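See structure below.
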Amino acid sequence: MSTVITNIGELVTNEPGAGEGPLGLRRDAAVVIDGDRIAWTGPAADAPAADEAFDAGGRAVLPGFVDSHAHLVFAGERAEEFAARMSGRPYAAGGIRTTVEHTRAASDEALRANLRRLVDEMARQGVTTVECKSGYGLTVEQEERAVRLAAEIADEVTYLGAHVVPAEYEDDPSGYVRLAATDMLAACAPHARWVDVFCERGAFDADQAREVLEAGKKAGLTPRVHANQLTEGPGVRLAVELDAASADHCTFLSDADVDALASSQTVATLLPGVEFSTRQPYPDARRLLDAGATVALATDCNPGSCYSSSIAFGIAIAVRDMRMTPDEAVWAATAGGARALRRTDVGHLAPGARADVQVLDAPSRLHLAYRPGVPLTAAVWKAGSRVKGPQNETREAMGWRSS
Ligand SMILES: [Zn+2]
């Protein structure tokens with residue numbers, strides 16, 4: 001089964017050689033999907049025939065978003081905590097324990113249904129690759145269950161047993177770290193590709209984080225680190241030292257942290273929804289970009305510090321308040337997320353790439369930041385399957401390029 005998406009007003013390929021600028025922009029373009037892959041991109045006038053055609057009506061077409069950081073295996077919600085925080089109480093890592101209680105008590109079916117609901121919610125907003133962490137179970141059985149359920153539904157699975165020290169280990173944090181680095185890891189590793197640690201005041205210090213991450217590497221997992229969210233802590237330098245795929249948050253960075261990221265393969269993944277929802281200062285993306293670091297944008301969707309599944313919301317914040325250009329933000333939410341997951345098959349549109357495509361209800365990718373809060377996703381294909389789509393509309397009906 002092949003599909004030609006034609007009459008694309010603006011195509012973002014993220015292939016610098018395929019068009020203009022770092023986003024590889026093309027006008028009046030077409031894309032051909034064959035099975036689960038991109039078969040062809042180029043001028044609409046030259047598009048080969050396909051089994052079916054979709055008229056983009058002059059709209060913009062982009063690679064699907066890659067959300068490289070989310071916590072979706074949980075039960076319950078924490079709206080009251082959010083309301084209290086907005087009334088002046090600061091965010092602290094301990095709130096995670098509330099979700100742990102609800103998650104432990106939930107059935108597999110309930111957790112699966114919530115995870116499915118959130119992944120579908122993301123897909124309707126253009127997200128075609130989702131990373132999902134454990135971290136609300138915090139026992140061997142519960143963490144194993146979380147990564148197993150995540151592996152059923154999410155594209156990428158991360159073992160985050162070292163999310164926070166559970167209440168029952170309050171007096172023995174090193175005992176918990178040992179568990180997370182041994183039996184819990186052994187139970188989870190078969191279902192996961194990544195190992196992550198919340199390296200932060202109130203969670204795990206550098207030595208504890210290193211113990212879990214190094215054990216994870218020995219078990220065949222690749223590290224990623226929750227780093228420097230609340231303080232200029234050791235997380236970023238630890239991530240770089242261990243060749244982590246990504247250091248996530250990067251809100252409080254020293255010059256040495258910025259240099260370390262810039263001279264490494266470790267992606268700086270920024271999560272603007274968290275700072276929005278915790279009323280913290282935003283990370284300075286410009287400083288990272290100017291230093292030469294690779295920047296990704298992700299949601300961190302979770303019931304505590306950011307219950308938003310909207311990458312577009314993060315793009316708008318990054319442009320408005322983190323000094324990213326609109327094009328840098330679009331790249332960071334697509335190709336940047338792919339880099340943070342060390343994936344070469346997603347985040348760009350070129351022959352051979354996975355057919356993850358979104359059509360915006362807008363003539364340009366600029367509208368993602370220009371029209372904050374507006375649902376702009378018109379159609380989505382994930383691995384060549386249509387997961388969302390409106391009726392074809394003519395360019396004239398959409399009101400673009402008519403004059
Ligand atoms: Zn997180």
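The backbone N, Cα and C atoms fix where each Cβ goes, glycine too.
Record features (TrEMBL):
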DOMAIN    61-365  domain 'Amidohydrolase-related'
BINDING   His69, His71, His226, Asp300  Zn(2+) binding site
BINDING   His69, His71, His226, Asp300  Fe(3+) binding site
BINDING   Arg78, Tyr136, His163, Gln229, Ser305  4-imidazolone-5-propanoate binding site
BINDING   Tyr136, Asn302, Gly304  N-formimidoyl-L-glutamate binding site
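Feature map: TrEMBL annotations on the structure.
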residue : record                                  : contacts (Cβ under 8 Å, 6+ apart)
His69   : Zn(2+) binding site                     : Glu131, Lys133, Ser246, Asp248, Thr269, Leu271, Ala298, Thr299, Asp300, Ala340
His71   : Zn(2+) binding site                     : Cys132, Lys133, Gly135, Tyr136, Leu160, Asp300, Cys301, Asn302, Pro303
Arg78   : 4-imidazolone-5-propanoate binding site : Gly95, Thr98, Thr99, Pro303, Gly304, Tyr307
His226  : Zn(2+) binding site                     : Asp196, Val197, Phe198, Cys199, Glu200, Ala203, Gly235, Asp248, His249
Gln229  : 4-imidazolone-5-propanoate binding site : Glu200, His249, Thr251, Phe252, Val274
Hey, does DSSP put His226 (Zn(2+) binding site) in a helix, a strand, or just coil?
strand
Can you see whether DSSP assigns His163 (4-imidazolone-5-propanoate binding site) to helix, strand or coil?
coil
Mean predicted confidence [pLDDT] for the domain 'Amidohydrolase-related' (61-365):
96
Do any of the binding-site residues Arg78, Tyr136, Asp300 touch ligand 1, in the sense that the CB is under 6 Å from one of its atoms?
Asp300
Excluding His69, His71, His226, Asp300 themselves, the Zn(2+) site's Cβ centre has within 8 Å the residues Ala70, Lys133, Asp248, His249, Leu271, Val274, Ala298, Cys301, Asn302
For Gly304 (N-formimidoyl-L-glutamate binding site), which of the three DSSP-derived states applies: helix, strand, or coil?
coil
What span in Å does the 4-imidazolone-5-propanoate site cover, taken as the longest CA to CA distance among Arg78, Tyr136, His163, Gln229, Ser305?
20
Where the record says Tyr136, Asn302, Gly304 bind N-formimidoyl-L-glutamate, what is the longest distance in Å from one Cα to another among those residues?
11
Does DSSP put Arg78 (4-imidazolone-5-propanoate binding site) in a helix, in a strand, or in coil?
coil
